[in-house]
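Visitor: The structure follows.
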Amino acid sequence: MDRRPELLRRQLRMLNRLSTAEDSPTQHPPAEVSITDERAGTSRKPIGGDVEPASQAPTWRLAGMLSAAILLGCAIGLLAPGVGTRTGALVSPTVLILVSALFFEARFTGLAGISAWRVAGLAWGVNFLIIPILGYVLARLFVGGQQAVFIGLFIYLAAPCTDWFLGFTRIAGGNTAVGSMLLPVNMITQLIGYPILIWLFFSRDTGIGIADIAQTLLLWFAVPFAGSRLLRRILSSAAPRTFRRLSHLVSGSAPLLIAALIVEIFAGNARVIADHGGVFLSCLIAICVFFVLIFIATELIGRLVGLEHHDHVLLTMTTAARNAPLMLAVTALALPGRPLTYAAIVIGMLIEFPHLVIISMIFRRRRQAGTRRASPAGSGRSSMRVSG
């Protein structure tokens with residue numbers, strides 16, 4: 001039984017048709033478009049193990065939802081300040097629900113093999129050693145004069161995605177088995193590294209203490225994490241049907257929770273954000289520059305170390321996709337009273353999804369061109385099937 005939303009399946013199927021025939025049957029299942037984590041060494045899919053993250057909502061619809069949330073929040077805050085203040089007071093409970101949903105749907109899988117760890121280690125190094133430095137340089141260069149926005153932009157750029165990048169990796173023919181292994185690695189590393197990075201880069205200017213941030217994260221994230229994972233394990237074993245229904249509900253609700261959180265943040269701080277509207281244009285430019293530089297860097301790295309196509313795709317996707325939902329939740333709790341910081345994190349999501357779609361299409365066409373060069377006859381048959 002397919003548990004993914006119908007709109008998502010239609011969108012992925014449309015993208016998949018562009019190069020269905022060039023998918024290698026030894027690496028990629030040709031029949032059904034899937035964004036599940038393909039476990040190495042087994043074709044078995046445990047109950048609940050392939051439930052997709054919430055953020056896999058159709059790309060353009062999700063981007064539109066986030067834009068509408070920003071506009072709605074600003075309208076409430078500017079036209080009805082009293083309502084905006086009350087709406088802004090809902091941030092903390094919404095964050096708690098969102099965090100619990102994100103932890104519940106996260107799939108923690110393992111994978112053995114030297115080659116898998118080689119690719120995963122390379123991706124980890126780029127994400128957590130190179131990108132934070134690049135993100136800091138770009139944030140300082142473009143918005144260094146606005147400390148709150150500077151922090152938010154840096155947080156957005158420094159945190160790799162822990163969910164939806166797998167969907168785009170699958171669309172582009174990437175290694176989703178290693179990608180699924182990166183999910184818990186990325187999540188744990190960034191939650192542990194968050195207070196360290198903030199303290200390392202911003203403690204002198206802001207007086208933010210690493211102990212305070214760590215205590216907040218422990219209180220607000222350890223309990224939801226433990227509860228969500230325990231509930232997931234119990235339900236998946238004792239009540240698989242209930243687990244499937246709950247997973248479907250959580251998967252569909254998380255984009256709505258993100259949108260609700262954005263409305264609350266912008267409604268409660270609309271005037272402050274509106275007064276600094278110009279600086280967010282600089283944020284968008286910085287993010288575009290970041291995406292271009294990272295794409296070039298992963299192209300060079302992939303060719304330098306001789307990555308195969310599916311590993312190259314994975315490296316590009318995991319370094320291009322950022323983790324704005326979780327970082328927005330973390331920052332709203334760890335750094336309270338900083339609406340410009342939160343807004344800077346939100347802005348990136350507006351162009352991130354179209355960017356990932358473009359990268360997906362680049363890799364699919366690249367693979368199609370390679371297949372045609374290797375097998376002209378097969379390519380001709382492929383074109384007939386696609387056009388038909």
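Every residue number used here counts from 1 along the chain in the order it is shown.
Cβ coordinates are placed from backbone N, Cα and C, and glycine is handled just like the others.
The region 'Disordered' feature in TrEMBL is assigned to 18-53. Annotated transmembrane segment per TrEMBL: 62-81, 87-104, 116-142, 148-169, 181-202, 208-226, 246-267, 279-301, 313-335, 341-363, in sequence order.
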Visitor: Applying the under-8 angstroms CB criterion, which one of 62-81, 116-142, 148-169, 313-335 scores highest with the transmembrane segment (87-104)?
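Guide: Checked against 62-81, 116-142, 148-169, 313-335; highest Cβ contact count belongs to 313-335.
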Visitor: Answer yes if the transmembrane segment (148-169) and the transmembrane segment (279-301) have at least three CB pairs under 8 Å among residue pairs 6 or more apart in sequence, and no otherwise.
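Guide: Yes, the transmembrane segment (148-169) contacts the transmembrane segment (279-301).
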Visitor: For the transmembrane segment (181-202), could you work out the same-chain residues 6 or more beyond its ends whose Cβ comes under 8 Å from its Cβ atoms?
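Guide: 37, 106-111, 116, 120, 123-124, 127-128, 132, 136, 151, 154-155, 158-163, 166, 208-210, 213-214, 217, 221, 314, 318, 323, 326-327, 330, 334-335.
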Visitor: Can you tell me which recorded stretch out of 116-142, 246-267, 313-335, 341-363 has the most Cβ pairs within less than 8 Å of the transmembrane segment (62-81)?
Guide: 246-267
Visitor: Considering only Cβ pairs under 8 Å, which range in 208-226, 279-301, 341-363 makes the most contacts with the transmembrane segment (116-142)?
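Guide: Result: 279-301.
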Visitor: Which of 208-226, 279-301, 313-335, 341-363 shares the most C-beta pairs under 8 angstroms with the transmembrane segment (246-267)?
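Guide: Ranked by Cβ pairs under 8 Å, first place goes to 313-335.
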